[in-house]
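According to Swiss-Prot, the transmembrane segment annotation covers 16-36, 57-77, 101-121, 147-167, 182-202, 235-255, 267-287, 310-330, 338-358, 372-392, 414-434, 452-472, on the basis of sequence analysis. Annotation comment: Swiss-Prot describes GLU39, ALA42, GLY44, PRO441 as Ca(2+) binding site. Under the heading Fe(II)-heme a binding site, Swiss-Prot lists HIS62, HIS378. According to Swiss-Prot, the Cu cation binding site annotation covers HIS241, HIS290, HIS291, on the basis of similarity to another entry. The feature O2 binding site is assigned by Swiss-Prot to TYR245, with similarity to another entry given as support. The Mg(2+) binding site feature in Swiss-Prot is assigned to HIS368, ASP369. As annotated by Swiss-Prot, heme a3 binding site applies to HIS376.
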Amino acid sequence: MVQRWLYSTNAKDIAVLYFMLAIFSGMAGTAMSLIIRLELAAPGSQYLQGNAQLFNVLVVGHAVLMIFFLVMPALIGGFGNYLLPLMIGATDTAFPRINNIAFWVLPMGLVCLVTSTLVESGAGTGWTVYPPLSSIQAHSGPSVDLAIFALHLTSISSLLGAINFIVTTLNMRTNGMTMHKLPLFVWSIFITAFLLLLSLPVLSAGITMLLLDRNFNTSFFEVAGGGDPILYEHLFYFFGHPEVYILIIPGFGIISHVVSTYSKKPVFGEISMVYAMASIGLLGFLVWSHHMYIVGLDADTRAYFTSATMIIAIPTGIKIFSWLATIYGGSIRLATPMLYAIAFLFLFTMGGLTGVALANASLDVAFHDTYYVVGHFHYVLSMGAIFSLFAGYYYWSPQILGLNYNEKLAQIQFWLIFIGANVIFFPMHFLGINGMPRRIPDYPDAFAGWNYVASIGSFIATLSLFLFIYILYDQLVNGLNNKVNNKSVIYTKAPDFVESNTIFNLNTVKSSSIEFLLTSPPAVHSFNTPAVQS
């Protein structure tokens, strides 16, 4: 056991470790968000005894856990490691031992993050860690330093993983698997890896300067010494904006596969989908200052960032309409993954529309730092990244585990989280339009109604997550019985471009990507000879 899981160099085992870490961190992050919502359920101090610092520590804990320890490990580390080698017919990733260390620095980062909340009064800086609030004057203990170390460790992990994915995709494709034949999920991980490679060094530079400012008396962000805190914001958001595309692009890849399968049609405009993802990735580097409209940028700078941000809506629109064109006229089967995919389309579009409002520099003067922004990015993350994560889990887990989940329970879980998430985040737009600020644990009585509604929604969503944990348990215990009761996903695959040959176990099935042609669960080493792409 220790040999297999601690020293593992097998991409599939490492992927399972990533999933376990992601589920654990997701539970912790959800618990924090529930405490936040309980505190905000009514005006006045509810649970935190008026401790605003603790409230902000919960906010930063919730944010960092959900972003760096749930979405990225699950979508990139989990699905990426498991499926990318299978889909291109590779034996493993290019650097199996780098893969191992890339995982094992994450638990260390988690330890640093938890420790930072426990020493002194915690890092109450918000996930952006802006100086001067994060400076040694305002946060005197080691909390912020530990949070910076946590971010450094997750950066190292993601960089190593990104290098691994890029080299694997370029060098280890099977015979006949040209770049034009790559499945869309592989493309999405490939593009995400480039984004990580280009943006993370800038974040590391910024937080290292902050570390030096705090402990070694430099003044990068210290006005008294000729520094400028705005420099930190530029460095942080040059990472922070590509980061949100890093979180969602693997989701795009998953949704493409799910929509194709359950409509029984190839994806509409596959090459255009790849170019759209690449354009989104490229443009993501050119728009960072739309997070900073109110720091005193020039009018022409604000005009540029407004226009550039709106241009991102074009490739995003191409993707949405291509998915709709894939569904249109298809033979649609509303299995759980397809429900998540359709919900993703509606809610991600909704989040994108509020984003178009926020892109305007003049409107953002009113919206900045209000709950309108919180509503916007939780629509695209909670109902974009997380819904695609669930879609991918329900789509691939029967193939990965050889065990089926209970379809009826899974659909109940979908409707619970669909209703819950909307009830939480839709009212936040109203609160933001009325000027309720973010990161504040108390508010005037006028905001009480919608906050109460949002807090009820968080209970519904949390209930659905408890149900998901039970579905996992049921899948592992009763998976074979469920397989008899559910029609498995494999018989509804879209007839597409990959022919099976003798190395596959199911010679009758045609599939748009190789992974469903293997045994279920796949062998520890899937391809001892190169797979052949027709």
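If you go along the chain as it appears here, the first residue is 1 and each next one adds 1.
Even glycines carry a Cβ here, placed using N, Cα and C.
Given the structure is predicted, the values throughout are model-derived calculations rather than measurements.
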For HIS368 (Mg(2+) binding site), the number of other Cβ atoms found within 10 Å of its own Cβ: 19
Env. residues of Cu cation site, Cβ within 8 Å of mean position of HIS241, HIS290, HIS291 Cβ: TYR237, GLY240, VAL287, TRP288, SER289, MET292, PHE305, THR309
Separation of alpha carbons, HIS241 (Cu cation binding site) and HIS368 (Mg(2+) binding site) (Å): 16
Candidates 16-36, 57-77, 101-121, 147-167; stretch with most C-beta pairs under 8 Å toward the transmembrane segment (235-255): 57-77
For HIS376 (heme a3 binding site): intrachain residues, at least 6 apart, with Cβ closer than 8 Å: GLY351, THR354, GLY355, LEU358, HIS429
For the Ca(2+) site built from GLU39, ALA42, GLY44, PRO441, further residues of that chain with CB within 8 A of the site's CB center: LEU40, ALA41, PRO43, SER45, GLN46, TYR47, LEU48, ASP442, TYR443
Remote residues contacting the transmembrane segment (267-287) - C-beta distance under 8 A, at least 6 residues beyond either end: 180, 182, 184, 187-188, 191-192, 194-195, 198-199, 238, 241-242, 244-245, 249, 252-253, 256, 259-260, 305, 308-309, 311-312, 314-316, 318-319, 322-323, 325-326
Other parts of the chain folded back onto the transmembrane segment (338-358), taken as Cβ under 8 Å at six or more residues beyond its ends: 248, 251, 255, 258-259, 262, 290, 309-310, 313, 316, 320, 323-324, 327, 332, 364, 367, 372-373, 375-380, 383-384, 387-388, 390-391, 394, 411, 414, 418, 421-422, 429
Among GLY44, PRO441, the most crowded of the binding-site residues [Cβ within 10 Å]: PRO441
